[in-house]
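A.B. asks: Before I ask anything, here is the structure I am working with.
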Amino acid sequence: MIDEKNQAKIEHAVREILSAVGEDPDRPGLVETPARVARMYAEVFATKTAAPFDNYKLFKVEHPTEMVLLKDIPFYSMCEHHLLPFFGTVQVAYVPQHEQVIGLSKIPRLIDYCSQQPNVQERLTVSIATELQRILDPAGIAVSITARHMCMEMRGVSKPGVHTESSYYSGQFKTDLDLKREFLQRIAK
């Protein structure tokens with residue numbers, strides 16, 4: 001959580017930005033905006049002040065499946081270049097080993113943890129896989145992200161609706177082309 005000193009710094013900076021773009025930060029519609037933005041940053045950048053992700057439980061499974069797949073997990077993050085949102089869906093698959101699996105709800109929580117900081121999509125993709133590898137040590141991981149970036153839609157090239165895709169594969173997903181193909185076919189449905 002952002003402490004009071006840094007909260008005040010953010011509020012001051014937002015007032016300065018509003019003034020610099022020709023707004024009156026004391027007018028009725030904007031007077032509370034600096035505090036709102038500071039609270040919003042505390043929320044969307046929560047990982048920067050959080051402890052390492054440890055909100056998970058592993059379960060022993062005598063006969064684990066070949067692949068565990070979670071599809072269409074929504075996420076949002078903030079582009080580190082423009083501090084504008086990017087958002088979309090994540091597909092995560094892993095091949096269990098050591099007869100253990102992770103609680104299913106923990107993967108979306110892990111995605112939230114990795115995305116709540118200034119980011120680029122490519123690093124977010126790898127971060128999700130790296131954290132899952134650290135926690136679970138599976139035989140392979142596949143992560144695919146499809147996202148829309150407001151820094152491309154609202155400014156610069158101004159192309160609404162463009163989707164950016166990124167992926168990361170490790171272990172069996174990298175060496176077993178049939179497994180990788182199965183992952184890609186299943187996420188395409």
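A Cβ is built for glycine as well, from the same backbone N, Cα and C atoms used for every other residue.
Just lifted these from Swiss-Prot, have a look:
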type	residues	note
BINDING	CYS79, HIS82, CYS151	Zn(2+) binding site
A.B. asks: Which chain neighbours of the Zn(2+) site, leaving out CYS79, HIS82, CYS151, have a Cβ atom within 8 Å of the mean position of the site's Cβ atoms?
C.D. replies: MET78, GLU80, HIS81, LEU83, LEU84, PHE86, HIS149, MET150, MET152, ARG155
A.B. asks: Based on DSSP, name the secondary structure state of CYS151 (Zn(2+) binding site): helix, strand or coil.
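C.D. replies: Helix, per DSSP.
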A.B. asks: What does DSSP say about CYS79 (Zn(2+) binding site): helix, strand or coil?
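C.D. replies: Assignment for CYS79 (Zn(2+) binding site) reads strand.
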A.B. asks: Counting across all protein chains shown, how many other Cβ atoms sit within 10 Å of the Cβ of CYS79 (Zn(2+) binding site)?
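C.D. replies: Summing over all protein chains shown, CYS79 (Zn(2+) binding site) has 18 other Cβ atoms within 10 Å.
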A.B. asks: At a 10 Å cut-off from the C-beta of CYS151 (Zn(2+) binding site), count the other C-beta atoms across all protein chains.
C.D. replies: 17
A.B. asks: Just how many other Cβ atoms lie inside 10 Å of the Cβ on HIS82 (Zn(2+) binding site)?
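C.D. replies: Summing over all protein chains shown, HIS82 (Zn(2+) binding site) has 16 other Cβ atoms within 10 Å.
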